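**Q** Once you've had a glance at the structure underneath, I'll fire off some questions.
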Amino acid sequence: MEFLDVPTVLQVSALFNLMAALAWLLLAQLFRMAPRASRLMAAMHLVRIASQGCGDCMAGWPALAQRAVPEFGLLACAVLLLLALRRMLRSRRRPHDVAWLGGLGALAIAAGLASGDGLAPQLAGTASATLLAALAVREVGRGAGARLSPVAAALATLPFAALAGLGLAHAAELLLVPGWSGRVPGGAPPSPARAVLWFVITASITLSLIALMIWRLVTRIQHLTYRDPLTGALNRRAFEQALAEAQAQLQRGHGFAVAMIDIDHFKRINDEHGHPAGDAALRHCLRIWQAGLREVDCLGRIGGEEFCALLPLADPADLNSAAAVVERLRASLAAQPLQWKDMELQLTASFGVALPATDDPAGDVALARADAELYRAKAEGRNRVCVAQPLLSEAAPT
Ligand SMILES: Nc1nc2c(ncn2[C@@H]2O[C@H](COP(=O)(O)OP(=O)(O)OP(=O)(O)O)[C@@H](O)[C@H]2O)c(=O)[nH]1
């Protein structure tokens, strides 16, 4: 590290933080990408420039400011980072814990500064920033861990864990090394190696946040590509894909049933209560049916008020259990009217259920047979489930 000295690393780091702040601001203002999280990250980078210190550049400042700025700055960085992370991960947690920790940390730093003790403010600043970094580790683990692959989740968590680890090591150093005078005035790290380490951690936290933002975008695009925007059910294309995959699994002995669903007299709801009531009715039905299905089941919206459910079966011939599931869906909708303004709108739906044929790659036979049963359910008076008799042979009818 002979070619590096602390001021040089700090200058490079300050430049990096400035560029990163500008980039986050651009993302927020121009591209409207995660705007609140991006603005918080921009603020974090700007505060970081002040909090990292600058060697002897603060030499002319009052002694109290030289000691206060880095500690308060570090704490503010940790608070902003945690808030940005929560927004990026769309966490529903309210920021009370961050406000409490930040407020207590600031009080402890102020008390340390007032006591005139050299160690107390550093210890208070380091301890509270470390606690906030540990919360960030938990946040990434919870928010991304469940949805990302283990390797990607570990990579996203690593910079925050390194930050918490560095904070812990620094707190131990302050407590255990007698007469430790690690920090030079202005809060700058005492050696180029430490300055580089802080820089690397700051840069990797930025990279981790950018990776989380890209992941958020990809998830959003996938949602728009595969989901119906009104109800959140699979759209027709995604449902057909799921059906073709289920057909392929049928050859390996994994069975399924399909249920075609059509809301009864849906046109009346639109005509009598308006289109928004119709939309609310569609969402209401979806909420009820999703709650009655397992995670392995798929529900797709394949037309205006037409839906289709794909129900994997443990026993490929077990039509009865599929019919029982669908009967539950019918009964639960009939039992839960939609609350619309000050009215209760009674909703029912008709269902047709069928098993697939093995030599039908896209699942069209199952769909057609379920559709025929749906028409029978409508013709027989609606609000009922009709089930297709199993095919005598597995060959698709012509
Ligand atoms: N609000 C709303 N209405 C929709 C949407 N998509 C289709 N529709 C309406 O759904 C209605 C479907 O009516 P029909 O096909 O006549 O069927 P129905 O009134 O449900 O009668 P049956 O199926 O015979 O019980 C039409 O009025 C469409 O305009 C939508 O996304 N939102």
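These residue numbers are counts, starting from 1, taken along the chain as shown.
Backbone N, Cα and C define each Cβ position, glycine as well.
Unlike curated records, TrEMBL annotations are generated automatically.
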**Q** Of 41-59, 98-116, which span is tagged transmembrane segment by TrEMBL?
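**A** Residues 98-116 are the ones TrEMBL records as transmembrane segment.
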**Q** Mean pLDDT over the domain 'GGDEF' (254-390): what is the value?
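**A** Here the predicted model's pLDDT, averaged over the domain 'GGDEF' (254-390), is 94.
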**Q** Six or more residues beyond either end and a Cβ under 8 Å away: which residues meet both conditions relative to the transmembrane segment (68-86)?
**A** 37-38, 40-41, 43-44, 47-48, 50-53, 58, 61, 93, 95, 98, 101-102, 105-106, 109, 112-113, 121-122, 124-126, 128-129, 132-133, 135-136, 139-140, 143, 160, 183, 186-187, 205, 209, 212
**Q** Counting only pairs at least 6 apart in sequence, do the transmembrane segment (12-31) and the transmembrane segment (152-176) share 3+ Cβ pairs under 8 Å?
**A** no
**Q** Using DSSP, what's the helix, strand and coil tally for the domain 'GGDEF' (254-390)?
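**A** Within the domain 'GGDEF' (254-390) the tally stands at 59 helix, 36 strand, 42 coil.
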